[in-house]
Number of protein chains: 2
Amino acid sequence: MARTKGDHDARRREVSEAVWRVLDAHGFGGLTLRAVAAELGATTGLLTHYFATKRDLVAYALDLLEQRTLDRPRETAPDESAALRVALLGVLPLTAEAATSNRIWVSSWDPALADAGLSRDHARRYARSRDRLRDLVAAGQRRGDLAAGDPADIAAGAQAFVLGLVVQSLFEPAAFPARRQVALVDGYLRSLSPMPR
Amino acid sequence: MARTKGDHDARRREVSEAVWRVLDAHGFGGLTLRAVAAELGATTGLLTHYFATKRDLVAYALDLLEQRTLDRPRETAPDESAALRVALLGVLPLTAEAATSNRIWVSSWDPALADAGLSRDHARRYARSRDRLRDLVAAGQRRGDLAAGDPADIAAGAQAFVLGLVVQSLFEPAAFPARRQVALVDGYLRSLSPMPR
């Protein structure tokens, strides 16, 4: 009996779920064809139909991570002046789901830094994210919500602040509950406001 | 002929150098007994005298990374009011040597997040580093150099800022030359100052 497109898509989804569970439990360091096969209850041989090499598997996992991050439900900013805050908070591990996704992002920096092609892809992702923040900063400055300054530098600083907060929160969730993460970002945003504090 | 303590120490140094070169080239994802043995020109069997398991090797590499970071020559603050700035700049990949060390630190987050014991060790390292920054912030506030606010929160924010700047600089060194990294930290420090900007 011929395999249908539906079969193929269903199998692809199963593979993606298995890759995600391996990443969640062991990070990229534990991502091997063997581990994904075990998670699927399949043979490593079967997996090689999907991924010829370990690098293919890692590249697939990075795409999956990006897709799941884009698909994550996001809070919508109530108005334009809240857009920068919502964008920054959207990065943080404020929920269990966002913590899993962030833990996998942080873990992805190891294989990405070890491979020129994957490193370029990551650099592009972070540059795109900074560009979005830069546009929000420039809009905030035009409205008078934010102090003057190079919007690209302010965006790079804001991205640095949330990325570093992610790392600290993942290692010490008890010291960085969601409430404190939000308060720290709000303090950072106040420092960007045009009025003397 | 009996092996002397000097032989043992010399061998230990060779092993450390080999571990460092593997980390520099491939990150923690590429750190295996086999890779270190190849770098040493030794057998994997010999390596098992030093590291019974892969986890022992990873733990050793993390200790080595901490030791090399502590041993890295640091700029001394010209006076107390510069101490916080010097501490923050000391984290950044401003030189090739600091970039190597930072690249290995970032790479270490993957194995550390996958192992409860290693994760606790990392959490303790970052907490100690925040404590040092908190003391510098409190001293700056007493001198009137820094605005009021919870010194622990200001320290957590400053640590977030530099950690996130490290990550972005490693992925996009051309967009974050040393000069821009320093300027961003200086901008951040100005936002902590007591005077309206």
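Placement of Cβ uses the backbone N, Cα and C atoms for every residue, glycine included.
What you see is a predicted model, and the numbers here were worked out from it, not measured in a lab.
Record note: among B:32-51, B:152-171, B:32-51 is the stretch given as DNA-binding region by TrEMBL. Outside the DNA-binding region (B:32-51) by six or more residues, the chain places 12, 14-15, 18-19, 21-22, 26, 57, 60 with a CB less than 8 A from a CB of the stretch. Mean pLDDT of the predicted structure over the domain 'HTH tetR-type' (B:9-69): 91. Mapped onto DSSP helix, strand and coil, the domain 'HTH tetR-type' (B:9-69) counts 49 helix, 0 strand, 12 coil.
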